[in-house]
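Working notes, beginning with the structure itself.
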């Protein structure tokens, strides 16, 4: 059992089709005030065994994008208006609910933001992990509980044999997030989507959870799609980064390229707004912030959505929406500052 | 757990004592004399009447009478009815099964309606089903039982002549015919009580389920790939049952109160109608005993609510 778990799930290194390929995804929500275009044409890819970070501020559509992959948004009011979500080449958008359930947890695991409320308070953590395993692998109750204990051991929870009998309220926030990760990984999925898994935790625990995610990825060989708003988290774990703003992708690059040469003014602003201990000590400069607020997604402005807050804005910015184009190998940006965007 | 129950039972003793003091005082202050019937009987000479009053202790001060009632009660002597000249405990024991059967059946009916309808309405909020269920529930618990009871009697007993409108405890038939007649005469009282409770609980179940259905752990359950039925039953209804069960147990005393009215309408010979006739006849020992039984039931169901609450919700600990 433990050997099977510790072995990488598969080694299709030659397979060049991306594991997850989101193309032109549009998710709109019907509200009393009108249609909210929460996700408005998003492309994200994740290759096997790769860690991709989706970063952006609150309300940029990153969580909706993540939840839409498993169709966990409420429909209605939400609706997938356009786009494809290809997982191993198969489009998940038209899949019927019964097929979708076979993908959830078995192929794609999901870790939520709030470990305090994401577990059911009336069942033991063992029962909750075992429930997932039984659903997908048809194990007996006994075997599923053994797997649950095995998973708790894997995520470094002490005394796993005894802890499976405990209820969620007997765990701290960090421990509950470990339980959530154990549950998401219990069926050995090929992709783990983690939606701000450390936001609700305090800083020391955040680092432990990020380390755990990284360790799990090394041992189990799955790909990770990590949603976050913290550039520090991005720098620590990502291989590739997708920057989202107001329901759109504005820049995509490897983590090295993004921090070395951020292209989009929004990304540049995000990086400048990271507090730096070396500067704080020498230069008496105020921490830079991006002025203004995110535009309403109810009636998004025409043209570049960042134009109103951009220090490089020019008249052409509001004329038409800049598409995402490659400006360097593997580095895409949606901004007319770059020659690739000029006709 | 056992400790907790024992502790709660011990706490119940002063509560019951307090209730009995209040009941006794109120009855002593109430106008009318339990001896009225004998007092107006011209065949009994005044000196015999005075001797009888003295021997029964009716002229003693209230507190003396209370303590003699209490000591007798504790010895198991519940006194005897002034009106029917039968021991009160026999009177209550003879009528309690009828009340329990009617109330039990009506509560089962109420839950059988409220649970499925409430859950279905909450899982499809603002749908046609939800709107219809809500409207019917609103009508159901707005109409008092004495009104629906009379309405049913008018319709099914008088106009259609399908069901008897008087509940008889002295059915002479035996075997299957007895069961048939028993069921036929129980239909209306059970329906009146059950539909009224069911309507109130439907709304409560609906709101309890709606509270749970939006919680994060329900999304987690979906993300685990569970079928929608399991998500609803295991992760929504199971959690929503915690407040529902508590409410049902706590409402039981109210149900007994409602049963008093229903028993009176359908002439069901239960302890509710016993209480009403005892009050009308100034039959103090019976009033005292029946209200005391009701008080005991209130305390018992409160305890039951707490125990079930702890059993359903592992976050509650009794240590």
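Cβ atoms here come from the backbone N, Cα and C positions, even for glycine.
Curation does not apply to TrEMBL; its annotations are automatic.
The transmembrane segment annotation in TrEMBL covers B:9-30, B:100-123, B:135-158, B:186-205, B:240-266, B:286-312. According to TrEMBL, the domain 'ABC transmembrane type-1' annotation covers B:96-305.
The stretch with the most CB contacts under 8 Å to the transmembrane segment (B:100-123), chosen from B:9-30, B:135-158, B:186-205, B:240-266, is B:186-205. Counting Cβ pairs under 8 Å that are 6 or more residues apart, the transmembrane segment (B:135-158) and the transmembrane segment (B:186-205) reach 3 or more and are in contact. Proximity of distant same-chain residues to the transmembrane segment (B:240-266), defined by a Cβ-Cβ separation under 8 Å and at least 6 residues beyond the stretch ends, is recorded for 99, 102-103, 106-107, 111, 119, 144-146, 149-150, 153, 165-167, 188-189, 192-193, 196-197, 201, 204-205, 208-209, 211-212, 272-273, 275-276, 294, 297-298, 301-302, 304-305, 308-309, 312-313.
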